[in-house]
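One structure below.
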Amino acid sequence: MAADKGPAAGPRSRAAMAQWRKKKGLRKRRGAASQARGSDSEDGEFEIQAEDDARARKLGPGRPLPTFPTSECTSDVEPDTREMVRAQNKKKKKSGGFQSMGLSYPVFKGIMKKGYKVPTPIQRKTIPVILDGKDVVAMARTGSGKTACFLLPMFERLKTHSAQTGARALILSPTRELALQTLKFTKELGKFTGLKTALILGGDRMEDQFAALHENPDIIIATPGRLVHVAVEMSLKLQSVEYVVFDEADRLFEMGFAEQLQEIIARLPGGHQTVLFSATLPKLLVEFARAGLTEPVLIRLDVDTKLNEQLKTSFFLVREDTKAAVLLHLLHNVVRPQDQTVVFVATKHHAEYLTELLTTQRVSCAHIYSALDPTARKINLAKFTLGKCSTLIVTDLAARGLDIPLLDNVINYSFPAKGKLFLHRVGRVARAGRSGTAYSLVAPDEIPYLLDLHLFLGRSLTLARPLKEPSGVAGVDGMLGRVPQSVVDEEDSGLQSTLEASLELRGLARVADNAQQQYVRSRPAPSPESIKRAKEMDLVGLGLHPLFSSRFEEEELQRLRLVDSIKNYRSRATIFEINASSRDLCSQVMRAKRQKDRKAIARFQQGQQGRQEQQEGPVGPAPSRPALQEKQPEKEEEEEAGESVEDIFSEVVGRKRQRSGPNRGAKRRREEARQRDQEFYIPYRPKDFDSERGLSISGEGGAFEQQAAGAVLDLMGDEAQNLTRGRQQLKWDRKKKRFVGQSGQEDKKKIKTESGRYISSSYKRDLYQKWKQKQKIDDRDSDEEGASDRRGPERRGGKRDRGQGASRPHAPGTPAGRVRPELKTKQQILKQRRRAQKLHFLQRGGLKQLSARNRRRVQELQQGAFGRGARSKKGKMRKRM
């Protein structure tokens, strides 16, 4: 019988059984732990020894194994802890998310708080390169998340707020709205980093901006003009800046900011990192040499597919004077009432006119243009963003970078003259995976710009077919069609009655017409190829756009087809045959001539019909027109051509003249294409010529005059008269009523900065000195390296140091007073309001009124309770008193 391992036999109590189980479990745990320690020590020593032996064999004899530096190490070289932490943050597996980028916890927490899970393609390409410290020039289509591409590496580089005086990051934006949007996004993404941000914009009070810079911000978000103004006023040095961003870089370099950008770049240190972002950037980095790039990395995504797949485009051929009527019809009938729409116009006069006109037609709208007051711009944009109005009429000011949520439609009232401007306009919709629609009103003189746009996009332009059944809205994308005249007449009649009833609207319409004429004269010319193709297009026979034809009944469509057929009717009789009898000599000659030329006429009509069929189909993006398909072999065509010449003319003198029919050029191009050897043939321009011409900043690849102007060599004269000819230019003086010389006048209106450049003297008006005197702030160098941000303003003439001469300098490391902020807190505002209310109460005799009211209340209570009721009521009324 086996021995019993448990307690003694007999009746067991519950306490004894529990004690026995506890001891047994404790013995098992101790045995397992000792066994694991023995096996781990033996196996671990064996594995470490095996790894060391293998590494020693790879390194060879006599070479020590690399180890981590210890505390006894006397080397001055310390490991880069930032790189080690970043490598530790990276995941071993390829997750494809933000986790694999090695971002710090505050930055990653801000990304997760914002709701981003997976980086976009441009973020996946650019963020690792920027984190490596390289200069980057990046391009991706609108709505692809370019703002986070330069904000996340900036947060990762700056880490947290620094006590050193001076901003460490600078973000330049071309417009106020884009800078405000960048500030909002910076605060949301960098919520947990503790970095301070200052906003320097034109139109705001400079005193507030002085105070913001005295708060020692880490990041400055600014527009170039106001930043230069503040820098000159404060003698601001930017030597601590180590990260510079040019947002919408191509717009910055072409808006006339060259003088301001040169002054800003001259104030930057030599070793800063530069990042350029935009949706349209050329591949020639020579155009951005002024930005101070050092071995930059070019990253361009979506060069071939510049437009989003979720974006639908429609083009309507309308006259210039009927654009307002078509716009009103689109807003009333095509666009859904709950959708938000942005209308792009050419000038501010168009914006003011359309705002007043649409308001009279019960369309809630607002307008924004560059000359508008900054406060009004902010209010109008907020009204549109919050849904107070459904339509926003803007100039190209809002075409760059603005991310308006829930935007569904864009209407190009004035068709853009550049392809990349069209990209930025329609890029306001179809962002972040949403769908959108872009409607464009194209006047007949804007057809060459439309063809240039499709050359730039690499797409084909589809023309609406006349006298065809409506195909619905499925094939509307990228189609050019007419607007029914009945729609135009219906809307235009209402607009004309509105204009007749309003004198103000008539004045705005007249100003808008004059502005349109100035805009047409000043806009850049289209390419010669597009002008030639536009002249060859048959726009008279253009069909209705399917977006409109699908809304009509069958009877209305038949009426429109009848009107189109009447409009396209061309008489075959000549002037000699009209109202002429059969015996008339002129009529007989023309009939004989037509009978003799019947073959040539038939061939010409066949070619014309082929061209018309080709125009009804998609117009390809090639600069030259595609060849028509030939039905007959070339040899038969040549024989037929020879026979027709001999039949028409009785005598042929000299060589057989080449005919100038429609198929001749196509045949020649096909023959030349067959003779080319693709291996040795070098074209005179690259394949992406049209695309790069549209993206170019300096007009490279544009008109011949622009290229020739850049190649002009100005030689110095060899005589005194020729040397001073350029300086002695005369200018009309309106006050003196005569021509005056300009020599030396420019330098009087300019001042020389610390960088040696001359800028306008209006930048220096001693506003900063006046602000310091008002705030009683002592002079200090805001950009001195190593200074602490705790050095605040020092009060002059204080009670403590009165009569002791100059203030004692603070010892290094001791905190000094901070700058008194001009922005009041909520508690200060509430305290000030209560104090004002109390003062107003006392001034109007409030104490006397209060005491009189209390006396009346006591009398009412005494009359109502004492002496006229039960004793219980008297006691209750006493308690209430």
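Backbone N, Cα and C atoms are what each Cβ position is placed from, and that goes for glycine too.
Of the candidates Ser34, Ser530, Ser624, Ser761, Swiss-Prot records phosphoserine for Ser34; the remaining residues carry no such annotation there, which does not rule it out for them. Range annotated as motif 'Q motif' by Swiss-Prot, chosen from 67-95, 96-124, 473-501, 821-849: 96-124. Among the ranges 175-178, 247-250, 567-570, 707-710, the stretch that Swiss-Prot annotates as motif 'DEAD box' is 247-250. Candidates Ser660, Ser696, Ser807 were compared with Swiss-Prot; the annotation phosphoserine appears at Ser696. Per Swiss-Prot, the residue annotated phosphoserine among Ser144, Ser522, Ser698, Ser760 is Ser698.
Cross-referencing Ser691, Ser782 with Swiss-Prot, the residue annotated as phosphoserine turns out to be Ser782.
This prediction places the mean pLDDT of the domain 'Helicase ATP-binding' (127-299) at 89. Compute the center of the Cβ atoms of Ala140, Arg141, Thr142, Gly143, Ser144, Gly145, Lys146, Thr147, which mark the site for ATP; besides them, the chain residues with Cβ within 8 Å of that center are Thr120, Ile122, Ala279, Arg431. When the compositional bias 'Basic and acidic residues' (763-779) is classified with DSSP, helix, strand and coil residues number 10 helix, 0 strand, 7 coil. Listed binding-site residues: Thr142, Ser144. The one with the lowest count of other Cβ atoms within 10 Å of its Cβ is Ser144. Cβ neighbours within 10 Å of Thr147 (ATP binding site), excluding its own Cβ and spanning all shown chains: 21.
The Cβ of Ala140 (ATP binding site) has 25 neighbouring Cβ atoms from other residues within 10 Å, across all protein chains displayed. Considering other CB atoms within 10 Å as the measure, the emptiest surroundings among the binding-site residues Gly143, Gly145 are those of Gly145.
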